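*Asks:* The structure is given below, and queries will be raised subsequently.
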Amino acid sequence: MTKITELLTRLDYGTAPEDSAVVREWLARHAAGFGHFINGAFTAPANTFAVTNPATGADIARVSQGRAEDVDAAVKAARAAQPKWAALSGHDRARHLYALARHLQQHARFLAVLETIDNGKPIRESRDIDIPLVIRHLYHHAGWAEVLADEFPGAAPHGVCGQVIPWNFPLLMLAWKVAPALAAGNTVVLKPAEYTPLTALAFAEIAREAGLPKGVLNIVTGDGTTGAALTGHPGVDKVAFTGSTEVGRLIRRQIAGSAKALTLELGGKSPLIVFADADLDAAVEGVVDSIWFNQGQVCCAGSRILVAEAVAPRFTELLRRRMSGLIVGDPLDKNTDIGAIVHPVQLQRIRALVDQGRAEGAELHQGTAPEGCYYPATLATGVEPASVLATEEIFGPVVTLSTFRTPDDAVALANNTRYGLAASIWSENINLCLDIAGKVKAGVVWINAANVFDAGASFGGMRESGFGREGGRAGMAAYLATARPQAKRPETAPPAPVATPAESLPATPIDRTAKLYVGGKQARPDSGYSYAVPGAKGAVGLAPLGNRKDIRNAVEAAHAAKGWGAQTGHNRAQVLYFLAENLSARASEFQDRLHSFGQTQGAARTEVDTAIRRIFWYAAQADKFDGAVQATKSAHVTLAIPEPLGVVGIACPLALPLLGFVSLVLPAIAMGNRVVAVPSQLHPLAATDLYQVLDTSDVPGGVVNIVSGERDALARTLADHSDVDAVWYFGTAEGGRMIEEASAGNLKQTWAEDGAARDWTGDEGQGRAFLTRATQIKTVWVPYGA
Ligand code: NAI
């Protein structure tokens, strides 16, 4: 017999299995298989495939493989239901969402067990994290529906949302997507992941029970082909996707040029940075929450530990000790820390990556795991920054550990990834934490915490982790459409500029040959050619004919000017006020230039005056378009900070060559971006003339770069460029499609619009919407009051 003292020293746990009888009964009731949930009813099951419990390998249900016609029926149902749903008052929609939240609450334990059986995650997590957060999302967004008209005056829903979600947080991802969509007045067709469709189907049953009007929520099950049929369906107005970066890219390309709104929440390789003065025990718990939460199948998992060299041995020892105590096994056991990997395919992927890492020289420290679809907690040391374990998203309980010496090293290592989803920073020095938080490229930063989520806080990535936010005000905004100006006569492509050697043109009336403006200096185009700029009476000047090389130089110069983004809004405002004043002083010169293009004196004066006022307006906004403290559940001040995107490529519209340029470049630079601008292809001289004004206004070199030439070719180079963070394109529909497609390479943000659609002289030419486009929210969780 075991003595009590022995038990206490071993601290073994007995098993504590969660009762799954209710779920087994539910599955038995659906033994014939599940159909899709379309227009408030389930279709008959067809083309079914098996869903398994990864912990046992047993088939637990059969669900239907959605075909194009199923997707079509679901989109039609959503379309039919949408006007009525949107016409309800915000209060009435809120009542529906509150009812849904309450019904979910009543079924909370059932949903937690079902999620665990379907996905393999420990019951402790589904019970204490996933399902409570699902419910919180519904309540929170019911609130947004209630106050929508006050908080987002004039905003309208997109229409029908097509949503595709992954298998790692099946019901939580559904709630993140469905709750804001419905609150805003959209209707939804959602496709859950093929490994984990069951809680979505249970959610549909609960929605019906809660009285959600038919057609408002539709669920179509199936694999990637079903997903592609949904995202590509012409009846879908907004696509929201969470999943792999690879599929995110496919979707970006698939819907290029379709005018569908898009948000992408993709992969990550997030750093967890431990400074020498961190509370090491707490930081070890941070690692547990980061990478051993949900078997490491978390997009924002802290999968790269960066630890200060001075404390690395001690930290590694503490971590390994903690690791050895983790219980891997039956997900339904309440003592389990690490459950089953979602599917044998995923297990195979983890094994293959770890094997490759081992072959590359990584030293592996592993706990134990039972037979079956399990993988042990794994710590990899001795990994080179370029090795597979340090660069690939593994999506398993595998973490790398490397060391750094200085905070700058830590930042460089943290940002040495193509992703930018999250970061976790550990130090008792809050100054240091906040300094580093500002420097890491990540959409979410946790200070002395990891993997904390709340419906009130925006979540989402930068770089190849995608764009758009879920949760909080920014998440709500992503489900609301901003009015899209429509062109009366859509823009057509201008004739390609004809390369003209300067010497072949008569000396008059051409006064001089303009240059490109790169890195604060005038630059001759690489081609050595210019092109004639037409005016009222023949050519009025020669504009440089820029090419790919010039764009690359300009992007490099823009990168070098990164100090602009780090300046305070006040400093940027001062420079921009000065710019406005200097342009004012030379107003008549610019007016003459515009007149020479064939504009009337009156129109030219209006354009210059409006441009000057617009610069003042954005100068004023430079220190006013600020962030917020988000109201989250835990003891944090959760900051939402609008950060610049980085380097923005801007292809300007043809008409109003000065005002079009100013309307796009100014909001971008006011927010701290650096710009490579392609001015109006027809009349670039209105912009190239600006270089003198920029010079005299102390705009640092490289903040604004001007490369004239063939707009679509230059914009294409910008969209292809992996060091450009966003492209704004105001040209033809075909050009817009091309830009969106090319942007998939590094998943840069795009804003493509018909160049002739917007009235640049009026309200459409200026406003907060431009500043929103020029920024991305960084959410920083700072401990507060705990
Ligand atoms: P995935 O990206 O293929 O699947 C996510 C969802 O997209 C599923 O519902 C799937 O059916 C759907 N889908 C697949 N192809 C599609 C297409 N062409 N068009 C529209 N929808 C499509 O992810 P998968 O294959 O399940 O996992 C592979 C790897 O991706 C994982 O090992 C992990 O590294 C990463 N991943 C990352 C996630 C994240 O949240 N960051 C989530 C899931 C996977």
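Placed from the backbone N, Cα and C atoms, the Cβ positions cover glycine too.
Heads up, here are the entries from TrEMBL:
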type: ACT_SITE; residues: E265; note: active site
type: DOMAIN; residues: 47-482; note: domain 'Aldehyde dehydrogenase'
type: DOMAIN; residues: 534-756; note: domain 'Aldehyde dehydrogenase'
type: REGION; residues: 485-505; note: region 'Disordered'
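Can you tell me where each of these features sits in this structure?
*Replies:* Sequence-distant contacts (6 or more apart, same chain, Cβ under 8 Å) of E265 (active site) comprise F241, T242, C299, F459, G460, G461, S465, G466, G468, E470. Secondary structure at E265 (active site), taken from DSSP and collapsed to helix, strand or coil, is strand.
Taken together, the residues of the domain 'Aldehyde dehydrogenase' (47-482) have an average pLDDT of 98.
Long-range contacts of the region 'Disordered' (485-505) within its own chain (CB-CB distance under 8 A, at least 6 residues past either end) are made by residues 513, 527-532, 539, 542-543, 545, 653-654, 681-682, 709-712, 731-735, 753-759, 764.
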*Asks:* Within the region 'Disordered' (485-505), how many residues are helix, strand or coil going by DSSP?
*Replies:* 3 helix, 1 strand, 17 coil
